[in-house]
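Q: Take a look at this one; I'll ask things after.
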């Protein structure tokens, strides 16, 4: 099945158009109405906005706590022991396709070969497709020089728009021969038994499960404060929040790599949306809409944590933009979404997918408001913040922030990394970075929706020249 | 073990648990109704109910009206129930809500004690006897029914004890979360929780450091201490900051003119006449109270400690850390002359004794009938001894006010006077904000009134202005207490000397013994 055929299946939910005509009309009509009322009753509009924002914000915090609580009650990740993973005879293993999209990272090709050769999977059942772009001769040459083994091959993605990672993956998927398929980034260090674990797990879980998300961690956690924050965030994400979503029977937005699929179903579903800058999260929602389930596999893939401030902001703003896109795309036909996802799915879509970037954006506004109050105490604020919402707002400000810091301390403990305590307690500074990224994301969503921010890799290597690539 | 046998094993303790809750619920409800029916609900209960009432039904309803002198949880928890006064006016006008809620809290507390004894793997008979030793102790029964904050406080302390016990025995870090949260909530109920706010993380850190596995034990200890301690510390800091912002005092309990320290100093002659002035006198008084409530606690403590050491069972640290630290705090406060030395400050002795006995039974091996009998007797002796102590007005200065005939007559008479004042003021058909009264003394009157908007009271934001210039604030009358030292309305007009209060006015009200209680004067 060629990539174009696969992609055609998702046209209705592609982020090629971020807002459909109907959404656009609705948005402008809403804004016009708001502006109209604002002229007549400005205070009322402000009060209603504050009330709505407060309620949504409170709901997002409550949702987060509910996820962690749900995740804590029992094991919601799929655990496959080393023995069980190795117990399957080579003859019984299916062909497994590993897609490795890379762009301008000649320096990591050597390491990539080493990490892939560490995978415990029979070579005659393994198909590794290195997806490279035609203009990236450097990486193509490096790969050609380093490539050894029949199971490895290079696929130069034909020139076509958009030139994105999901596009490359779709091209790779079109040629994949495996029963199962997964994606690794070039710099990833996957758990050597991950493919075997995924096979055993997917067979155990049955056909309802079409995808398993493995846990992502970082190999350069201790490089600086940003990488430590990042590692802590990932630990919370993959050990609490995603298992919480699984526990509550909600859609799971996938992470960019180490997701393991049944190839046939993935093709049927239309695979990755080449226009969505977080095609992975979007795919997670689409899987849920089609009635499939996603599990979280206890098996770690180590990645490179973004250690540079500017680079981090770029990467994070792309994620946030993608989440917002995904949110808008799936709100196109709310009735269909509700029918397919149910109220749980809708909660996840709004409070988690839409809520994560929006909360980051709102944080900055709300902190600024708080600061303004303490510095100037403008009387008009007393009018805007009417009592019940004012109290909920104060509650969110105080307990919301405290709760998230507290949850981070718990993550430190469950990661068995007590040295990260200070990092957890300093999380508010990381949130400030998130706010910055979300502002950039919102701006880009409006003016440059499909623009793909490149993330530089190899910053943990002091000697090699950094390379730009599409990462997760 | 199949799941069937698990269910079969669970069921008896579950029904037993429900039976315990039901029985206690009924008994405590009856006690609560008795307190209400005889109108001997303590003034502190009424005042905490009133604090909640102001936030919704005063002339100037706002959350901060709950006040900052007393920790807010016992009042805040009443808020959702206050609107029910429409259906049942007695809930607020006769303070019925306070004892109903304390009865519910104490029932839940008994449930936690029972569950904790089950977790200590006690068999049914000793488990039920020890649960009863706590549930039927006269102090427990009294404070279940009188609407005071002790029941709420005990519940959170025991929830923390249970979670800490769980952590000490199973060592799953998740248990530290409920322990920390419970201590934070306990601080919301009473400031004595400052002690476990400190003690809990310290003990947790020491245990992790001592028993922690490989790796950096000091760093692990630090993280565990933060998990256990952060909620409590946050509760203390938040409450202090909120107080500072709203009433400009970090710890109003200690610094307000209505607070504990002020009350202790203004009533110090009264206190020392009973307890003695010097350290020796206080120590003697305090020991008498201690021995009265838990005569053989020290025996149980030593026995439990020896057995715990032999069995290498750290579970005993849970009740000792949480309940013991509260006791130590109160002892220190009293011995240094900073508290009243009320008997109720030692109420944690009751669950502590029971849990120590439970721990003895859980660790004493081999455990023959004789040893069980001895342990249970040690625990049960607290009941007759407490009963005796409660009838001693010197030791149980507050409690004897409602368990002795003379005391309860005095108390119910004061409630009647308050209701009379409220009814008379209602009959005057005054406009909103016509009567100026200090909420810290007139809470009973305001609660009993059909027209609470008629009063301008302490939490109202225009109160300070109204005290200095009543007429400018459309005040028509001032309601003055006869002798309460903290009555801001009276002292604002007549100074601190109670003798200067006019004995005539627009109206005066006296109690059944002819003592002047209230004077209403024109502004």
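Cβ coordinates come from backbone N, Cα and C, glycine included.
A TrEMBL annotation is a machine prediction, not a hand-curated record.
Okay, so TrEMBL annotates it like this:
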{"type": "TRANSMEM", "residues": "B:19-37", "note": "transmembrane segment"}
{"type": "TRANSMEM", "residues": "B:63-84", "note": "transmembrane segment"}
{"type": "TRANSMEM", "residues": "B:96-114", "note": "transmembrane segment"}
{"type": "TRANSMEM", "residues": "B:193-211", "note": "transmembrane segment"}
{"type": "TRANSMEM", "residues": "B:223-242", "note": "transmembrane segment"}
{"type": "TRANSMEM", "residues": "B:290-309", "note": "transmembrane segment"}
{"type": "TRANSMEM", "residues": "B:316-336", "note": "transmembrane segment"}
{"type": "TRANSMEM", "residues": "B:342-362", "note": "transmembrane segment"}
{"type": "TRANSMEM", "residues": "B:369-390", "note": "transmembrane segment"}
Q: Would you confirm whether the transmembrane segment (B:63-84) and the transmembrane segment (B:223-242) meet the contact rule of 3 or more C-beta pairs below 8 angstroms, pairs 6 or more apart in sequence?
A: yes
Q: With Cβ-Cβ distances below 8 Å as the criterion, list the same-chain residues six or more beyond the ends of the transmembrane segment (B:342-362) that contact it, or say none.
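A: Contacts with the transmembrane segment (B:342-362): 109, 113, 116-117, 120-122, 126-127, 130-131, 133-134, 137, 139-140, 143, 148, 150, 154, 157-158, 161, 192, 289-290, 292-294, 296-297, 300-301, 303-304, 307-308, 313, 315-316, 318-320, 323-324, 326-327, 330, 333-334, 372, 375-376, 378-379, 382, 386, 389-390, 395-399.
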Q: State the non-local partners of the transmembrane segment (B:316-336) in its own chain: residues 6+ outside its ends, Cβ under 8 Å from one of its Cβ atoms.
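A: For the transmembrane segment (B:316-336), the sequence-distant neighbours (Cβ-Cβ under 8 Å, at least 6 residues beyond its ends) are 157-158, 160-162, 164-165, 168, 183, 192-196, 198-200, 203, 207, 279, 282-283, 286, 301, 304-305, 308, 345-346, 348-349, 351-352, 355-356, 359.
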Q: May I ask whether the transmembrane segment (B:19-37) has at least three C-beta pairs under 8 Å with the transmembrane segment (B:96-114), counting pairs 6 or more apart in sequence?
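A: These two segments touch.
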Q: Report, as numbers and ranges, every residue of the chain located at least six residues beyond the transmembrane segment (B:290-309) whose Cβ falls under 8 Å of a Cβ in that stretch; write 'none' if there are none.
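A: Those are 139, 315-316, 320, 343, 346-347, 349-350, 352-353, 356-357, 359-360, 363-364, 375, 378-379, 381-382, 385-386, 388-389, 392, 395, in sequence order.
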